[in-house]
Amino acid sequence: MMSIPLIFLLIGCCFAAEKSASYNVDPSETSVSGISSGGYFATQVQVAFSALIIGAGIVAGGSYNCGGQMSYTSSKHKVYMISGTSDSTVGVSVMTQLYKYYSTDGQFIPDSNVVFKKDLKSGHTFPADFDSAESQISFTTSQAELKGIDNDIPTRNAPISSTCNCAFDGARAILEHIYGPLQPRNNGALSGKFIEFDQGEFIASAKVNGMSTSAWVYVPKSCTDGATCKLHVAYHGCVQSYEKIGDKFVKNTEYNRWADANNMIILYPQTVATTSISGGASLPNSNGCWDWIGWYGTDFSVKSGKQLAAMKKMIDRITGGFNPIDIPKELQVTAVTDNSVSLSWKPVSSAHGYNVYRNGGKVNGATISGTTFTDSNLNSGSTYTFTVKAVSSSGSESSASNSATGKTTGESPAVGTPSGLIVTDTTSNSVTLKWDSVPVITTYNVYRNGNKVTSVSATSYTDTDLNSATDYQYQVSSVKDSVEGDKSMTVTTTTLAGSTGNDCYDESNVAHVAALRAYVSFGYTFALGSNQNMGLYSMLQKTNLCKEKDFYYVIA
């Protein structure tokens, strides 16, 4: 009989956090905050990735020690700083140095963009406004952790509280300063989910480098449903990781309540304690602090630093599903006939128009200006599935709406529809397709991007002479006695990036634009020809572009 301890051991060893997902998050709406070592680390993220971060909230943190080596000028970041009057660990004098770094001495950020709240009657804590004694967690930072780390930090034992009921909502103050007026926070049951994800995929040897193999993210239902959302990254302090205090920091700072009502995802990266000396550091990191002194390498405060590089990957993953226009909602079938299905949906305020998709393939030619559409010339007695995408003024599409299914009246056609269409192989200039056979059918039509490519008798086809690094959509239909049935569901694939290897340029996005290898749209850089997104238009953003042919470049 298996023992109970062994059962729990097996459960623990076999559990794996899920892979981090991508959401429709605007990368230009990314901000950070942190307390104590998390405050120091938030400043490092803000400086190292200044072109990406729009603002920061620093609670009981200090200045960036390598700021003089960074190209960080004329920033429009919004910064909110909080220092408790009873904080003897990172006191007001330390945060004053940070204020000078931002504003008066460094003059990186206009005075009007920096708020320094230093009259809060609290200790070394994250201020909140709640009435729950269970949410107040206290612990102690050891003398060994503080001694000799930074001249600004006093070497003493100091009680640190994760959150306090200070009658001051720190989360609101930080978020509202960065993003502007907010909708009232949700004080009831949250609509979204706390998701534990695999943090280890973003950093090699995670625990050796002071990061847990798992972390947490709060995703409101609106963001799961596809709304355009923002991202705020909240860094805990020393002894505040999940390893030390469970989910108390993740759930008790009030960030989630504001996020739930304001289309905002909150990312909670996690550290772990390390007891061995690594990266040339003179002290172990036994309290699981974020690396603001060089425990895991001398490049800890720049982009190549192990923890900073992992953070950039996590942010890129979460914002990877960005689509700059909202999704149409409440698509429904309003009427059917023998050969048509009529649809309607709710308007999207920022939409220039709409595209309708039937079984995955686009139906309309010109963009639809209204919020109704009738799809005609359909087969009788047949079932069709529709979605709608909003179209921006620049021509980009939103993600698909909810699906709506309608069946035309009358008798079903005799010609069946192919199923099981898949892509079995992709090269830089070809795509191979395969699908299930339809009884008594000997001919199939293959469609690429809505246009007929060929007719074949087999249930596979290789489409050649394609452009590299390009998206293609395919459908297949059956033909019997010159009567064509309905097109199959659509499959989408992207050809591989091909390169001669001789015409590649690893330069900044600004240099690529200047050399006419790329162009700029809405602050982002796109490769000429392939239109691949290269990230922000910035000297700090580098991309390796390869020339495929005249006026056509792809990301290597």
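Cβ coordinates come from backbone N, Cα and C, glycine included.
Copied over from TrEMBL, here are the features:
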- 394-404: compositional bias 'Low complexity' (COMPBIAS)
- 327-412: domain 'Fibronectin type-III' (DOMAIN)
- 417-498: domain 'Fibronectin type-III' (DOMAIN)
- 394-419: region 'Disordered' (REGION)
- 1-16: signal peptide (SIGNAL)
Residues sitting near the compositional bias 'Low complexity' (394-404): Cβ under 8 Å, six or more positions beyond its termini, same chain?
24, 226, 321, 323-333, 343, 345, 348, 351, 355, 357, 385-388, 521-522
Segment confidence, the domain 'Fibronectin type-III' (417-498), expressed as mean pLDDT:
89
Count up the helix, strand and coil residues in the domain 'Fibronectin type-III' (327-412) according to DSSP, in that order.
0 helix, 36 strand, 50 coil
DSSP-wise, what's the residue breakdown of the domain 'Fibronectin type-III' (417-498) into helix, strand and coil?
0 helix, 41 strand, 41 coil
